[in-house]
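Okay, so here's the structure we're looking at.
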Amino acid sequence: MEGPEITFAETVIDNGTFGTRTIRFETGRLAQQAQGSAVAYIDDETMLLSATSVSKEPRENFDFFPLTIDVEERMYAAGRIPGSFFRREGRPSTEAILACRLIDRPLRPSFVDGLRNEVQVVVTVLAIKPDELYDVLAINAASMSTQLAGLPFSGPIGGVRIALIGGQWVAFPKHSQLVNAVFDMVVAGRVVTEKDGSKDVAIMMVEAEATDGSWNLIKGGATKPTEEVVAQGLEAAKPFIRQLVEAQEKVAAAAAKPTADYPTFPPYQPDTYEAVAALAQAELGKVYQIAGKVERQDADEALKSKVKAEISARVERSELPESALGEVSAAYKSVTKKVVRSRVLDEGVRIDGRGLADIRPLDAEVQVVPRVHGSAIFQRGETQILGITTLNMLKMEQQIDSLSPETKKRYMHNYNFPPYSTGETGRVGTPKRREIGHGALAERALVPVLPGREEFPYAIRQVSEALGSNGSTSMGSVCASTLSLLNAGVPLRAPVAGIAMGLISDELDGKTRYAALTDILGAEDALGDMDFKVAGTSEFVTAIQLDTKLDGIPASVLAGALAQAKSARTTILAVLSAAIDAPDEMAPTAPRVISVQIPVDKIGELIGPKGKTINAIQDETGAEISIEEDGTVYIGALDGPSAEAARAQVNAIANPMNPEIGEQFLGTVVKLAPFGAFVSLLPGKDGLLHISEVRKLAGGKRVENVEDVLNIGQKVLVEIMKIDDRGKLSLSPVLPKSENTGASAAV
């Protein structure tokens, strides 16, 4: 029997000193009953199948395009059996949901307007190398299968992940390479033909973040991901996108079905639009100058009802066809869109009277909810976000069972968008894809500035409650989270703020003009062309998310919007700093977590037979204890004395020579520093005699140089005054009882 004819094309991504990656597309062998199917590979070891299916008939009474994207992670792809009770894949993982959103965002605006047939794209991960990321390959696979399905689709779409590693933008990086990346960016776009016949890549979607190691890399001299650097990254992505698009075009040219004649349903007929415009346009100009959201909505609804009544009367008089009754809402929205956009482009004035770059009034407040570990409210105009921080021991980290090499997550950010935030009723409970996506965006914005595990050994859960929504609750969540984390005592490396940018565009005299809007309202998001969210510190960008309703946006326009966003971010950061500019003391209800390092061969002795020893320590002290494989012991308790009591018992078993607070030692000065002297107490155990304590050895006189009082090798009698959360010792000299003799403890 003759096998199926397989059509394929591949492109080689050249990353210079970082090597090459081969991306391959093929069709004709798998999922042949789907309207379009394609297999995509990275280096022949990671393999995805994408199948695009279309309903035979359009959905009736739908006023939107019913597109569904599903990503199926199969654990066999990584040679694993699912960890669930039934040992079978269940609901999608967070990674799969985020991959669905990455695919949907560039695909959706690429279909013809008015299409009402159901379209479903299912991407299945068939094989994956442990060091690979599949999400960006999935964008290309979905584009390829949709291009083959004979749909009215303006693809292909190319998607690429590029990471800034060692000053170079590397395409399709591996997990192991991202450890050394300062910035990680997913960019999707399509090739467009300019008026002069030249071809360029128009950007349709961006998802970007600074990595969790970026702070230390930047301190070590790596390039900061500033707005200028990010703009360079967008340009660097374009050649790779073009390569991917060209490979898809080769397959489509040989194997795509002819574009079928699918019915499209225009939202209204010209007669309906003209009637609605004549009735509403002048009044809409006044309605959309009302600054308050609720007042504006009330006036808008009243006008819309008036227009509907008049159109209904005209239908009864046979002046308009009966179909006009179902077209009024769409025509009314279109007239509204024209009124708002014209005012922005022609006058530079927005709905609430602001200029293009103006920010709404800002307010920030911390410690607003009792008993929780950290809380804050951030308000921008009518957008209000409550941030709540909860701290716990590292054993409360989220355990992850997915195709990603990541198995646990210390910082968890959850975003909730209840219906009352927009004055509506609706379902509450399980988070929707949008809520998961917004939480992930806020999480990525803050991860780069979180303290390391060693510095702050806590699991952190951040919850953002959208209490009021009128534009960019996700960026409001970033601001509220910065405040809340600081209020909880989390020593952030720098505060982070976020802002949402919008875009209005039109054609004038054959040229496209653009207006970038700072801090968009919900209505400006709905009536505009772009939602561009940018978060960062005062020094660099930490996260970006871009969605557009256009077929693409020039990179130069996005670069201008990035620069405009930085100015707004600086303003917001000043407001956050006025509310709280340093970590607060931890709340009395928050656990105290300290760490002790023990020899690995002592772990079994500390645990005891069937956990007897460690359970006895926990029962006696009230502390919780967790042990890492490297011998790090984390001790958590609701108060300091309980934690210290547990530490003493752990040390008595596993570190019998470890000193305790109050013990005295005749130590040896081993190192001098401008801020004090390091004194060796036991082999491998030093403590700091701060310069403020050294002055006691000089009769209380001011000490400019430690060398004037102490020398390396000198013996000094000291007492342990404090042991910090990382086990570091603070010392004080032990002076003779008759201090007035001027004698010192130094020998």
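Every residue number used here counts from 1 along the chain in the order it is shown.
Note: Cβ is positioned from N, Cα and C throughout, glycine not excepted.
Take the CB of D525 (Mg(2+) binding site) and look out to 10 A: across all protein chains shown you find 17 other CB atoms. What TrEMBL lists as Mg(2+) binding site is D525, D531.
Here the domain 'S1 motif' (662-734) is broken down by DSSP into helix, strand and coil counts: 11 helix, 37 strand, 25 coil. Positions annotated as domain 'S1 motif' by TrEMBL: 662-734.
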Cβ neighbours within the same chain of D531 (Mg(2+) binding site) - under 8 Å, at least six residues apart: S472, A500, M501, G502, I520, D525, Q545, L546, D547, T548
